[in-house]
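Everything on this sheet refers to the single structure shown next.
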Amino acid sequence: MTVKMFGPHEPRPPLFFRFRTSPSFILFTVCVAIYNDTFLFGTIIPVLPFALPHRINVGEEDVQIYISILLSMYGGSLLCGSLLFGWIGDKIPRRHGIFLFGLSMLLIATTILSFGRHFVVLVIGRILQGFSAAVVWTSGLALLTDMFGQERYGEAVGYAQTSVSIGTTSAPLLGGVVYARGGYGAVSAMSIGVVAFSLALALTMIEPKAVSESEEPAPSFPVAERNHHSQEVSRLDRSTQGPTTLESALRLPDERSALIHKKHKEGEFGSGPSYFLLLRSGRILATMAGIFTYAFVMLSFEGMIPLFVKQTFHWNSARAALIFLSWIIPGFLGPVAGKASDRFGSRWIAVGGLLFAAPPLICMQFVTENSNSHKVLLCGLLTLVGFGFVWILPACVSDLTAAAADLKHENPHDFGDSGASSQAFGLFVFAYSCGSLVGPSVVGTVRAKVGWGAATMTLAAACAAACIPIMLKTSASSRRKNALLQ
């Protein structure tokens, strides 16, 4: 392979070109964007029970209903936006532009939520936040497939899962503490700051596709040589390698995967969405069931826990936020869960996580008193739930991409030249948003009408039910080994 050099009469590369196009920096940028979306969603959770009565004059007896409405509005807009922007993402030449658009919309939504003093304004802000999350998630995850391919994608999703876990735990903690110390204005300033930082990273990043489209086509490889080449360029950290390796990495030769980088043709908006083709696969539906259950349980907890500890333990916003520390340690196992799903397949990784989380969910109904023993019990049970749930998302998302790639290979003419990369992630966000929409609404209503014990049993039943389709349809084979053999 000839190495492309910049001659004296050719344009010089942008400043810090190798760093800005490196897989490590792009992974970091996408993870920060996903963290910010999760952070902004969760920051307001421990604040709402205390801020709503004073900021928009909501009665104490109506706080749970208003919280459920705000959470549901976010989930509903995320649901609609996932399908729309997933389709758009497959029809545009590059993903960087729509990624920036999503972060810009997120900044606008955060500003609206920061200065709104009427419930309708807060609803509008949450709706915009949901649309922006759909853009960030679909375009960001698609960027990761361009960099790491099918055989390493579970590992990359594991890092994204860690971002979600850190955002889920740090947002309520910081939101509650900052609100207790500085009020709603301090929380707003912190939220705007984290979005601005993420937007700056995205502006710095250079999409690999933009580089590869301006260069000559890569030479073809014999099968044996191609397999060796695929192993070399799919490492997570390639930022220290030279231009030859970077050029090769941008042209991963796995021709069987619809989710690995391909050139997009201009003007492809005439072709219709591939969602119906994808949804005919039981394997994709099974992974969507796991993703739905993950969001159903996790976001229901985010809506219930702060109000529960306020009413049961009489905690303020800062102490209510500390309960989310129980999920921090399990969240760092995301990359391990992703590697395990790549190596052993998704089926038993996801099922094991669901079955591990169900018993502590059942036992949470026994937390009923304002005593130290019950406080310790709640923290311990939340930690066990976190250890179970950290395995679910990387396994399900990784198998979703593999299933879409297999469908593309089996039916190449049905998906068109653009493939269905972003649309597969649109289904991921769709399933996640359905869980975030249904979970807080259903479980919040069950807790308000029946009680805490019935709400936790509902969550445990959801985990048990999700195991059935995953065991029947999800792949149990090693994707990393299969990708290297292709």
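Each residue, glycine too, has its Cβ placed from N, Cα and C.
TrEMBL entries are annotated by machine, without manual review.
Here TrEMBL gives transmembrane segment for one range in the set 117-136, 317-336: that range is 317-336.
The transmembrane segment (348-368) and the transmembrane segment (284-305) are in contact, since at least 3 Cβ pairs between them lie under 8 Å (pairs 6 or more apart in sequence). Tertiary neighbourhood of the transmembrane segment (284-305): same-chain residues 42, 45, 67-68, 71, 75, 168, 172, 278, 320, 323-324, 346, 350, 354, 357, 361, 382, 385, 389, 392-393, 395-397, 399-400, 403-404, 407, 424, 427-428, 430-436, 438-440, 442-444, 447, 455, 459, 462-463, 465-466, 469-470, 472-474, selected by CB-CB distance under 8 Å and a gap of 6+ residues from either end. In summary, the transmembrane segment (380-403) does not lie against the transmembrane segment (97-115): fewer than three C-beta pairs, each 6 or more positions apart in sequence, are under 8 Å. Regional average pLDDT for the domain 'Major facilitator superfamily (MFS) profile' (30-479) in the model is 78. Where the transmembrane segment (186-206) meets the stretches 65-85, 97-115, 317-336, 450-472, the count of C-beta pairs under 8 angstroms peaks at 97-115. Most Cβ pairs within less than 8 Å of the transmembrane segment (317-336), among stretches 65-85, 97-115, 156-180, 424-444, 450-472, belong to 156-180.
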